Amino acid sequence: MASSTLSHVTPSQLCSSKSGVSSVSQALLVKPMKINGHGMGKDKRMKAKCMAASIPADDRVPDMEKRNLMNLLLLGALALPTGGMLVPYATFFAPPGSGGGSSGTIAKDANGNDVVVTEWLKTHSPGTRTLTQGLKGDPTYLVVENDGTLATYGINAVCTHLGCVVPWNTAENKFICPCHGSQYNNQGKVVRGPAPLSLALAHADIDDGKVVFVPWVETDFRTGDSPWWA
């Protein structure tokens, strides 16, 4: 009997109060008529329209402007903790400062201060490799030799595969890229791919007590080849 009564409900009456279907919950109870096993597509479409029309305006999906605002607020919330973690590394990606003349750049430490050799060697033990800001603002390792002196070269930390910054792994005594596993020995020579080339070099000269990076254009002492970066 119920199915017979519902079969006389027309699409135009579906959302009408006269038909007794005036809410979303009531509309969901109305089943489409079936003829030879096939549902009435028109009734289904009308039910969807009725459901959408019955939802209060405040409960509907927000318009594009509101969604964009919510996205911005979400990104801002995520950026707060992330930004704090990136502060120590920010100076390595900042534009290089002035100094060192047209052919060289004074090395900067993680706080953006000039690297003074005597002070640096007091706080960095033999065998350490520490990031500084080098030529063109690139992150560049300063190397303290095993005898406690500063190496005459700096090692560019940008991986030659896809440009990730390669950290120094003290336990393994090599540079290991976290992105795709490329490895370089303690002088930056590539020993395992997918990186195709060794890390670039720069001269680490001393001028007025400060470390100055100068472009390396001579033969790469690690490979005996011309420098690919020059």
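The backbone N, Cα and C atoms fix where each Cβ goes, glycine too.
Reviewing CYS159, CYS164, the cysteine that Swiss-Prot connects to CYS179 via a disulfide bond turns out to be CYS164. Using the Cβ center of CYS159, HIS161, CYS177, HIS180 for [2Fe-2S] cluster, the list of other same-chain residues with Cβ within 8 Å runs, in sequence order, THR160, LEU162, CYS164, VAL166, CYS179, GLY181, SER182, PRO194, ALA195. Around CYS159 ([2Fe-2S] cluster binding site), taking its Cβ as the centre, 22 other Cβ atoms fall within 10 Å, counting all chains. Distance noted between the C-alpha atoms of CYS177 ([2Fe-2S] cluster binding site) and CYS164 (disulfide bond) is 7 Å. Secondary structure at CYS177 ([2Fe-2S] cluster binding site), as computed by DSSP, is coil. Most buried of the recorded positions CYS164, CYS177, CYS179, judged by other Cβ atoms within 10 Å, is CYS177. Counting only same-chain residues six or more apart in sequence, the Cβ atoms lying under 8 angstroms from the Cβ of HIS180 ([2Fe-2S] cluster binding site) belong to HIS161, LEU162, CYS164, PRO194, ALA195.
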